[in-house]
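Heads up: the structure comes next, in structure tokens.
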Amino acid sequence: MKVVTTPIETLHLQSTLRLLPRAFPAPYRSQWIQPLPLNTLSNSSLTSPPRIVSLSQGGGSIDLWRRYASDKFSDMGLDPGAGSDKMYNETASSIVETLKKANSILPHVVLASTVLALLYPPSFTWFTSRYFVPALGFLMFAVGINSDEKDFLEAFKRPKAILLGYLGQYLIKPLLGFIFGLAAVSLFQLPTPIGAGIMLVSCVSGAQLSNYATFLTDPALAPLSIVMTSLSTATAVLVTPMLSLLLIGKKLPVDVKGMISSILQVVIAPIAAGLLLNKLFPKLSNAIRPFLPVLSVLDTACCVGAPLALNINSVVSPFGATILLLVTMFHLSAFLSGYFLTGSVFRNAPDAKALQRTLSYETGMQSSLLALALATKFFQDPLVGIPPAISTVVMSLMGFTLVMIWSNDKEQNI
């Protein structure tokens, strides 16, 4: 459609066009106006009211200026929108990287949740035991979505490491538990139920938090850690009652169906869901993956603070400080035993250091929540539950402090 103007407007625009040669090159000037042919002028048109419609080419003078400026910037090798796009991309990338690095503050968050649970228990008492299974399951989902099914198949090709982890769980740790439980009664003159509580902690299976700790330090070995913990958990229905009878003199029945259900809910189902999501919907996995570290940190903080807040009366007992010392020494000895024993067995392995860290977590961290549940259910004396309650906090603080230390060492060695 051509531009329709009055003859007077046509003469005016033609005169104005002569003033534009410096501002617009010829191609753009030709688009500014297309005057009407002379034979279309009439006397009636001279007196007709102005009729102005939008320019047919270029979309108007504003669009014309925009096109001209864009071509000029292109000739100069510049892109007017590149700066804003670059700034947006850099901001988005910075946010994603910050979310991914949230795990680096995990020890500080765990410590803060511990202090908060001690000073103001109601901040965590809402997080009751019914939330423990889904909370631990979420951590396993985070591991699964960052893993591959091939990693788990490779884990089963290392039976020697799996056996060593199992011995750490059910041989080294019970021996240490017996030593520190005996010391609590004979050297520190603590009540016998306190010693029984320390021994009970050493009889239970490995903790799922050890899998998450391994994932943060050595992601490639997280499947191996999961296999070891799952094996110790599955056989706990037989081993834990025998060890408790041997060390404490009381046989504690463990619910077989409940243990199998716990493995399915906490370990197998969440990891399988993460693996399937990663395989079938990779774009969705990539979209949610940056947010998992932040959510996992908050999840872990609740898993640590809640048992402490729920058992605050037992923890702040007159024996609290001495029990804290004994439980800390017990876990420290377990971490060190797992680390150095693995170093002596796998000294020539190419990933010896990674294996040492993995088995250290596996030996030093155990399911203190299970020990607490057993103490509450099968022992009349509430003092038996104090060491497991303290153990939940101590082993988490020590484990994730090691995560921070070993992660920093790995970055410096790269």
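Backbone N, Cα and C atoms are what each Cβ position is placed from, and that goes for glycine too.
In TrEMBL, annotation is done automatically, which means it is predicted and not curated.
What TrEMBL records for 105-123, 167-188, 194-214, 226-248, 260-278, 290-310, 322-346, 385-406 is transmembrane segment.
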* To the transmembrane segment (322-346), which of 105-123, 194-214, 290-310 is linked by the most Cβ pairs under 8 Å? -> 194-214
* Structure fact -> Maximum Cβ pairs under 8 Å to the transmembrane segment (105-123) among 167-188, 194-214, 260-278, 385-406 is reached by 385-406
* Folded-back contacts onto the transmembrane segment (385-406), same chain, C-beta under 8 angstroms, at least six residues removed -> 103-104, 106-107, 110-111, 114, 194, 197-198, 200-201, 207, 209-210, 213, 216-217, 300, 303-304, 307-308, 311, 314-315, 317, 319-320, 323-324, 326-328, 330-332, 335, 357, 360-361, 364-366, 368-369, 371-372, 375-376, 379
* Asked: What else in the chain is close to the transmembrane segment (260-278), if you only count residues 6 or more beyond its ends and a Cβ gap under 8 Å?
  -> 133-134, 136-149, 208, 226, 229-230, 233-234, 284-285
* Using a Cβ cut-off of under 8 Å, list the residues of the same chain at least 6 residues beyond the transmembrane segment (194-214) that approach it. => 136, 139-140, 142-143, 165, 169, 173-174, 176-178, 180-182, 184-185, 221-222, 224-226, 228-229, 232-233, 235-236, 239-240, 243-244, 247-248, 250, 252, 266-267, 296, 300, 303, 319, 323, 326-327, 330, 357-358, 361-362, 364-368, 370-371, 374-375, 379, 383-388, 391, 395-396, 399-400, 402-403
